[in-house]
Amino acid sequence: MLVLGIESSCDETGLALYDTQRGLLAHALHSQIAMHRDYGGVVPELASRDHIRRALPLLEEVMAQSGTRRDDIDAIAFTQGPGLAGALLVGASIANALALAWNKPTVGIHHLEGHLLSPLLVDEPPPFPFVALLVSGGHTQLMRVTDVGVYETLGETLDDAAGEAFDKTAKLIGLGYPGGPEVSKLAETGTPGAVVLPRPMLHSGDLDFSFSGLKTAVLTQMKKFEAAKLDGEALERAKADLARGFVDAAVDVLVAKSLAALKKTKLKRLVVAGGVGANRQLRAALSAAAAKRGFDVHYPDLALCTDNGAMIALAGALRLGRWPEQANADYAFTVKPRWDLASLAG
């Protein structure tokens with residue numbers, strides 16, 4: 001089965017072709033980072049308009065890359081939610097218009113299911129079941145993944161997502177957009193232990209997260225720098241140490257909770273997905289801690305940690321392979337800006 005995947009939930013337009021026999025044939029992505037940088041965040045209306053401009057050129061690109069003709073495609077998968085309503089509508093409309101013109105069925109995909117399944121795109125994918133750490137700008141969750149469509153929430157953030165905390169910390173420190181990669185880069189130049197920040201809910205006894213207090217601790221520390229009248233090189237060193245303290249605290253919590261989830265479920269495999277899953281400090285800490293305890297950790301390719309069409313095409317192929325009745329051939333569709341992953345069933 002050959003599936004075209006279309007991702008448009010936020011500020012990346014992604015298209016890809018996935019074949020159940022040959023794997024990922026082609027994927028192309030356009031990021032809107034440069035467009036939103038002047039605003040310090042994603043502007044929904046601009047995001048929607050840009051998806052309209054980018055989708056068809058990206059389609060032509062993946063078709064040319066793979067030598068695929070429209071007659072070769074069996075179905076079209078699109079991100080149905082969650083995400084920005086306007087952005088979702090653009091992707092859904094394009095998917096259904098193509099499907100109508102080409103006489104193909106469609107299937108709507110949960111964006112987070114795409115992330116959960118994205119590590120299956122590697123050459124040696126992890127077998128089910130596994131624990132998944134889904135960590136991104138909008139979500140931080142630990143899930144038990146028994147099979148496609150069989151997901152149990154083990155823990156989740158009670159306030160800010162980890163990626164959101166990274167972005168807000170970057171803004172507090174005075175870094176550019178997008179903040180997550182910038183604060184991580186700065187942290188690598190900081191001195192370990194120079195600034196020690198709290199590890200929220202580290203010993204809470206459950207698998208939930210909280211990152212708002214960590215963000216507040218960063219703000220408090222910045223006020224101390226201001227009161228001390230730090231400037232110039234001294235201020236830059238202090239900011240680097242603060243970034244290091246923040247990243248170390250966030251990573252410690254993510255690692256500890258992930259290991260606790262593996263222990264609770266008695267599973268041996270952890271899958272890490274979502275944009276923050278590309279963070280080098282998190283990958284290194286998780287891999288080291290897991291290896292000491294005999295656990296395996298699986299990551300998607302770095303290029304597939306961000307939102308992308310490949311994960312949507314894969315999820316569509318897996319769903320249609322198991323449940324052909326989910327194929328929609330009447331081209332009526334809805335989008336779901338809010339959509340609980342735990343409610344998703346086969």
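Note that Cβ sites are derived from N, Cα and C of the backbone, with glycine treated the same way.
Feature annotations, courtesy of Swiss-Prot:
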{"type": "BINDING", "residues": "H111, H115, D307", "note": "Fe cation binding site"}
{"type": "BINDING", "residues": "L134, V135, S136, G137, G138, D167, G180, N279", "note": "substrate binding site"}
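According to DSSP, V135 (substrate binding site) is assigned to a strand segment.
With a cut-off of 8 Å between CB atoms and residues at least 6 apart in sequence, the same chain places E7, S9, T79, G81, P82, G83, D307, I312 near H111 (Fe cation binding site), listed in sequence order. Residue with the densest Cβ environment among the binding-site residues L134, V135: V135, by other Cβ atoms within 10 Å.
Put simply, H115 (Fe cation binding site) is 10 Å from S136 (substrate binding site) when counted between their Cα atoms. In three-state terms derived from DSSP, D307 (Fe cation binding site) belongs to neither a helical nor a strand segment and is classed as coil.
Same-chain neighbours of the Fe cation site beyond H111, H115, D307, judged by a C-beta within 8 angstroms of the site's C-beta center, are, in sequence order, E7, S9, T79, L112, G114, S136, G274, N308, M311, I312.
Of all the binding-site residues listed here (G137, G138, G180), it is G138 whose C-beta has the fewest other C-beta atoms within 10 angstroms. In sequence order, L134, S136, A273, G274, M311 make up the list of same-chain residues 6 or more apart from H115 (Fe cation binding site) whose Cβ falls under 8 Å from its Cβ. Across the annotated binding residues for substrate (L134, V135, S136, G137, G138, D167, G180, N279), the two most widely spaced Cα atoms sit 17 Å apart. In sequence order, G180, S184, V247, V251 constitute the residues six or more apart from N279 (substrate binding site) in its chain with CB-CB distances below 8 Å.
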